[in-house]
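Each remark here refers to the structure printed beneath this line.
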Amino acid sequence: MKKLKIIFAGTSYFSMKYLNELIESKHEVIAVITQPDRPSGRGQKITFSPVKILSIKKNIPFFQPLELNNEKIQNEIFNLNADIMIVVSYGKLIPKKILNMFPKGCINVHTSLLPRWRGATPIQSAILFGDKETGISIIKMNEKIDTGTIINSVKCNISSEDTTETLTFKLIEIGIQALLETLYFINKNIVFEKKQNEKNATFSKKICKKDALLNWNTEAYLLERLIRAFNPWPICYFIINQTRIRVWKANVIQNIKKSANIGEILSFDKYGIQINTAHQILNLQKIQFPGKKITNIEKIVFSKKDWFNVGKII
């Protein structure tokens, strides 16, 4: 069977894992498109995307355009004579002119069961809204965001302990297999396209660092979901003694203490820091002080006793 000549567009760690599998497959990745280098971290050091790093390592030509409407870039892409373009977590719109360049089309790997959770944060949204399952959708792209016809999809269960990080790894594993399977059928010209039901469409919102501040005037189960959804970024936190404390893990205690104030510390022991919320109690199990490692609460019961006095409102 003929190998497909692929142009791959992606930026994140998630997309890098897909690129690596495509490189190792029987198909040929002839070029990569990734976002420009950006300053990152406290030192604002210029950082390469994971996709660029892999492209350099594997000696694959790459482009880093500021935008893809540039005629020169479009001509360069066209002259590569690729069979298909695969987009995985690229982060920029693909113009219609580019979408129409490839004999086998342009496909996108999206981390939800479309049309649910279109947009940039489908994994986080699935956790935030308590979805029991999510998955991978592989769509034929059009000029709109995540609205193309579905050509393959695979489901994935969401556990009550899944974070965005753990769920991402699950989706990488099942998504790569789904993509390789899809390419097999595309190569044989056996493709069945299914239109998305617009009535069922939902949209994920962009996440900002400020969204990670825990608001105790929220129900405990929603805060617990937020903590899982914002792990590994931006990581939920609260302020105590003018210090930002990150929260990496928590659970909900069903008890309701009507006499307690919102944000009041009810208990601090080896099992956690119990804080009263708008409904029920949030029990913090793993936290992180600035410049320190993530720690289980049981390890700081004595050393941080003065920080979390019972009755204190935070």
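Glycine is no exception: its Cβ is also placed from the backbone N, Cα and C atoms.
The annotation domain 'Formyl transferase N-terminal' is assigned in TrEMBL to 5-182. Look at TrEMBL and you will find Ser112, Leu113, Leu114, Pro115 tagged as (6S)-5,6,7,8-tetrahydrofolate binding site. Summarising the annotation, TrEMBL assigns domain 'Formyl transferase C-terminal' to 206-301.
For Leu113 ((6S)-5,6,7,8-tetrahydrofolate binding site), the count of additional Cβ atoms within 10 Å of its Cβ stands at 21 [all protein chains shown].
Surrounding the centroid of the Cβ atoms of Ser112, Leu113, Leu114, Pro115, where the record places (6S)-5,6,7,8-tetrahydrofolate, the chain contributes additional residues within 8 Å, namely His110, Arg116, Trp117, Arg118, Pro122, Gly135, Ser137, Asp146, Ser153, Gln196.
Between the binding-site residues Ser112, Leu114, Pro115, the minimum number of other C-beta atoms within 10 Å of a residue's C-beta occurs at Pro115.
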